[in-house]
Structures are given as C-alpha cells and as structure tokens.
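According to TrEMBL, the protein has these features:
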- 36-340: domain 'Glycoside hydrolase 35 catalytic' (DOMAIN)
- 363-419: domain 'Beta-galactosidase beta-sandwich' (DOMAIN)
- 624-708: domain 'Beta-galactosidase galactose-binding' (DOMAIN)
- 1-27: signal peptide (SIGNAL)
Amino acid sequence: METISVSKLLTLYFFTVLFLCSNLIQCSVTYDRKAIVINGQRRILISGSIHYPRSTPEMWEDLIEKAKHGGLDVIDTYVFWNVHEPSPGNYNFEGRYNLVRFIKTVQKVGLYVHLRIGPYVCAEWNFGGFPVWLKYVPDISFRTDNGPFKAAMQGFTQKIVQMMKNEKLFQSQGGPIILSQIENEFGPVSKALGAAGLSYTNWAAKMAVGLGTGVPWVMCKEDDAPDPVINACNGFYCDYFTPNKPYKPTLWTEAWSGWFTEFGGPIVQRPVEDLAFAVARFLQKGGSYFNYYMYHGGTNFGRSAGGPFITTSYDYDAPIDEYGLLRQPKYTHLKDLHRAIKQCEHALVSSDPTVISLGTYEQAHVFSSGTGKCAAFLANYHSNSSASVTFNNRHYDLPAWSISILPDCVTDVFNTARVRVGTSQIRMVPSNSKVLSWETYNEDISSLEESSKITASGLIEQLNATRDSSDYLWYITSVDISPSESFLRGGLNKLSISVNSAGDAVHVFINGQFLGSAFGTNEQRSFTFNGPANLRAGTNKIALLSVAVGLPNVGFHFETWKTGIIGPVLLHGLDHGQKDLTWQKWSYQVGLKGEAMNLVSPNGVSSVDWFIESLATQGQPQLKWHKAYFNAPDGVEPLALDLGSMGKGQVWINGQSIGRYWMVYAKGACNSCNYAGTYRPVKCQLGCGNPSQRWYHVPRSWLKPTNNLMVVFEELGGNPWKISLVKRTIHTQISSEPNTKN
Ligand code: GAL
C-alpha cells in the first residue's frame, strides 16, 4: 500500500511540475557539488539504460513501467546515428528508431530521460553507432580535431537537439530530458592523441553547450571535460571517483549490471549482491546519480551487433531480461535498495558524510539533514567475514562485503547482501506452433565470375566493396594448373591453399566444392585459413566467401581497421614451390544472390524455385536458403527460435531480421567468478560447452496469427526441420525473510 501511494504522489508531482513548466514558470535543471538540481531541488537520481532499437515499440511502455516499478527515476539511452541516417541526408525515425515516441513514452510513464547523443556510442553496436558512409567522407578522421568529422558530428548532434526542442522534450521546456551526453569515454583516446585530443574535447563541449538545451551536458570517462560539462564515471565500481571540479556532482553513467556475450564466449553474470554493494558504496561516498548499464539490454536485431562477434542477444544479465521479463533476484533486490536509498534522499543531498571507524574493516557514513534527522550507511569491507558492530550504542550484524542502510540512523532497512528473493527459474518450453514443411534453395555459386561487377588486380578491403550493405563479399579468381604438375600424379607434394584474412570469417570453395572455413575471434580478428587444395589440370575457380560478423565498435581509430581477405593468398606444393595469387586478377560479388533477389521477404520469396530437400536432392550442404510457414503460438509469453540444430547464418520472419545466429560453443574459464583486487566477484562466467546463444528472440508483434514466413540463410549446414518456436517462462519464489548468502 505504502509504495503505491508513494508512486502515485510522485506521478502527481511530475505532472504538476509539467503543468507548471509548460504554463507558468521556467523549468530548469542545474547542478551543484552535491547533486543534479531539478526545479530548485537536489535529487538522488536512479537511472537505467534501455536502448530503444533493442526492443520493439510495442514493448517500450511495459519495459519503462517495469523500470518505474523497480524504483527508477530516469531512463538512459544512446542515440544511434547509423540507424537514423543510413545514407547522407536520408533520415529514418520510424518503428524501432522512433526516438521521439520512445522519449514520449518515458514521459507518459512519468520518468526522466538522460539522452546520450554521442554520436559515438560504443555500446557493442555496429561501428560504434557511426554510419559506414562517414568513413568515406574525403579526408575524414574520426573522433579527433578533424574538420570533416567535426562538421558531420555537429550536423547530427544539432539535428537531434532540434528534433527534441521541436517536440518540447527538454526539461527546460517542460519535457523529460534532464541530461545529455556528448561523446563517450573519450578520455583514454584523448590521452593517446595528445594535443589534438584535448582540442577536440574542448570543441565537442563548446559545440554541445552552444546548442542551448537548458539542461546540463555530461562526458563520461573524460577527466578533461571542460566547464560546465560534468565528467562522469563508468565501471563495475565508482566509489573511487571524484569529478574534476569541486563544484560538480558525482555521477556514475554506467554501473555495469552484467556484461555482453560474444559468439564463442561464455555467459557473464554479475551477482546482485555485488552490484547493490557497489551502488551503496558509491552513494555513501557522496555520489548522487547512478545508471545501470543495462537495465534492459534487449536484442541486437538485424546486423546491428558490433564487435565483431557480439551475439544477437544483448541480455546483459540486466534486471529486466532480453525478453522483457523480470530477472530475479536482481530486479527485486535492486528495487528494495532503491526504496531504502529514497528514504535517505534528503539527508544524502543535504550534507557530507561524517565517517566513523567501527573496526578494521567496518565504517559508518553518517549524513544529517540539518533538521535533527540523520541517515547512516554501515559498511563491512571484509570480503569473506561477517562482522558485528556497535553504532550509536546498538548492535548490527553485517554480512561480509556488505552495506546496511539506516534511513533514521537506527533501523537497518536494507543490507546489500541479504536477498529476500529466489533465483528465477527460466524455461524455454515448446509452443503449439509447428513449423510446416521446409523448402530449400541453394545459393548459386556456379556463375559467380560471370555475374561479378567489380574486378581488380589484387585484393580489395571488404568494406570498400560492400559499404556494409551485406555481411558477405565473394573474392573470385582462377588459376591454371599444368598437367605436368607432379601432385596431379600423386607425387610427394601435397597441394594446399592458405588465405590470410583481416576478419571475420571465410568459407573457401574450389571448383564449386567446399574446402572449409576459418574464423577470427573478438580478441584476434585476423586469421589464416590453411587447407588441402583439390586443384585439377587446366583452369580452376577459387571462390572465397568473406563474412563480416559485426563491425568493430571500440579501439583506437577502429574506423581504419580492415575487414576481409588482405592476403597473401598462396598455393603451396607446386613443382616450383608456392604460387602467390594475391596480386592477380580478382572478381568480386557484393552480397549473396539470395539477398539481391530479396528471398528474405514475403515480396521476394517466390522469385526462385524452392525444392523439398531429401537425401537425393541435398547437393551442397553449405550456403543454403530455407523457408517455411508457421502460425503464431497461442498465449502471451515471449517467444524465441531454438536454432540449436543449425550452424551459422541469419534468420528473418515476415521480412524482419531476427539477427545473426551461430552455434559456436562457449569457451573460456567457466563456472567461475573473477575477483577484482579486494573486491568480490564482478563477473561470473557460465555456459561453457554450450552454444553461446541457442535461442533468438522473436517479438510477438512481428507475427500474424497465421502463415508467417520464416527464411533462414545457413552458411555451414544444419537441420532446419529441428528448428522450433518456444515460449520463455520464468518462475520465482519470493520469501518474506531475507536470506544472506554469506
Ligand atoms: C563502456 C561503453 C558502453 C559499452 C560498455 C560495455 O565502456 O561506454 O557503450 O560498450 O562499455 O558494455
């Protein structure tokens, strides 16, 4: 009852302020050394990241409502330049990219927004959010003191700010946006760039501030953020952080609630006890704004995942899971934390703490609100021993590595290590939807050379050719083999081919026959394919299908990194030694023929003759298109495709891309947790020996009741007949008594 009335009051307050702002008085957001100040009031602000393109508009309101119910004040999102401006001057703000609708939904629910415009966002997003065409602007160099880059960045930033102003979305206009971010984690890059880095930082700040939004600007991980821009912290812990000026508040823009997954990597989880401890520790040191990165991670639909090798799922072990369901105990434990924090809000923003030692590892931070009221945080920093402490003549038990919150300096209302909620039992259960009768079409690789429109002497960098219009680029050449070569007569020489790639994967075909594949990893994109070459006397066709698995999103001048076959491409074992094919004539085909024919969509699917595959008709196991129709499952539970029987590729439903899939198995140190210095586990790694991602989110709103088209492009070989549509269900036990896991 109490929480309902508090939340009703807050909503009332929000709408009253909105009314006043738009009608009677000027609204404002400022800051002082203690906090962000909204309409004259210092606030403790609890924020969570939800990225609008990582879910569907149909999901937004529910996600934001759940965030509000979880105790959040603010929704934080990046703005993703590459989805909004797919080609210069052509803008897209429709569907999942409807930024204004997203912000208005947050406003409707009654929360604030932190708009992180970037426009560099990192975020495990393709190319860090930059449009690929930007790379081809003459004389450009990204994120430095470079005229063409600054002009483009300013143009996009202005466009977004103007859009927000037109819709009256800044809090200074009565809207929900209380903060904006320019750039993202530029500090480390700036250090590497030296003077150019510093002048770019100053330019970016001045440019942003000059846009006159009426709300403060933030730069995260940028110690040199010039006034009035606030520098903020990102990390698993931020209690060590102080802003670069004594008159700025202490903000934590990314409190990492978990971590992202890579194809080939384990599932990473962050225990909620540790996350809650990190947050409480940040607040007791004087922090007043923190944002969970992510609060809902969502899905990298289409080819939006960066990396390379970031999975389609961006679940992030966040309090709301990829499918929009509550993850327990994370969600409720943080909600309990938020309630306790809000009870201390007045004291926290009114005073600096008095720190009292309670033992070797134990401390009290005491805040007084000046009206005789006080709040205290009691901490035990020992990583594995609990403690019994005396504070104001009372005894308190503190589990190891925990903080208790006493909003009245007496009652322990919350301890970061005492969790009253059980762990969600997640099940992927069969649905009643049967995928009917698969039909197949083999990607045509017999006429590649004839259909190719690009030829060159030597190897072309992949993005130069594709401009990222597809993941795929064919490199095609031919080689003449003399009948006198001894390997043809079973000589001692064994013929082999080696192919050097800058990333991310290659499938090798000779005379239409598949020889094998090779893959890079997120840590080491470049790799060499080595395999026996089945050449014959006369002319042989070599066709290399190079595959990008998401463009890099982080790293020094990542826009200059190469993708695709860079050579050398060598034949080994000929009578005169090796033959270098690198500089001979190559032909290129951008994308797959099936992509060009739009086989993925209901409009283009009939442009070829599909066949029902049987053992007799199977042909090439690689590079196959499969299609089938299915009816929507009943019920309301979120849906996923179980692609455990497949290899690697992409999948579409009714023409919408579900994303890339790959059943590569997770490797690494699994079933273990990392320790950071004296800190407790920040990351636990799970799932080794299983595919990094087996299930792929299918938004319900993408389905019709009947006759839904599913198209799969499979690179390696798999069994589509075993693909199934499953429902995700979650069961959690909530006990009234807290349970200390120490
Ligand atoms: C941060 C970055 C975010 C995201 C995160 C890791 O450094 O600012 O955009 O990439 O790392 O998930």
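Note that Cβ sites are derived from N, Cα and C of the backbone, with glycine treated the same way.
Across the domain 'Beta-galactosidase galactose-binding' (624-708), mean pLDDT in this model comes to 91. Helix, strand and coil counts from DSSP across the domain 'Beta-galactosidase galactose-binding' (624-708) read 3 helix, 41 strand, 41 coil. Note on the domain 'Beta-galactosidase beta-sandwich' (363-419): DSSP counts are 0 helix, 32 strand, 25 coil.
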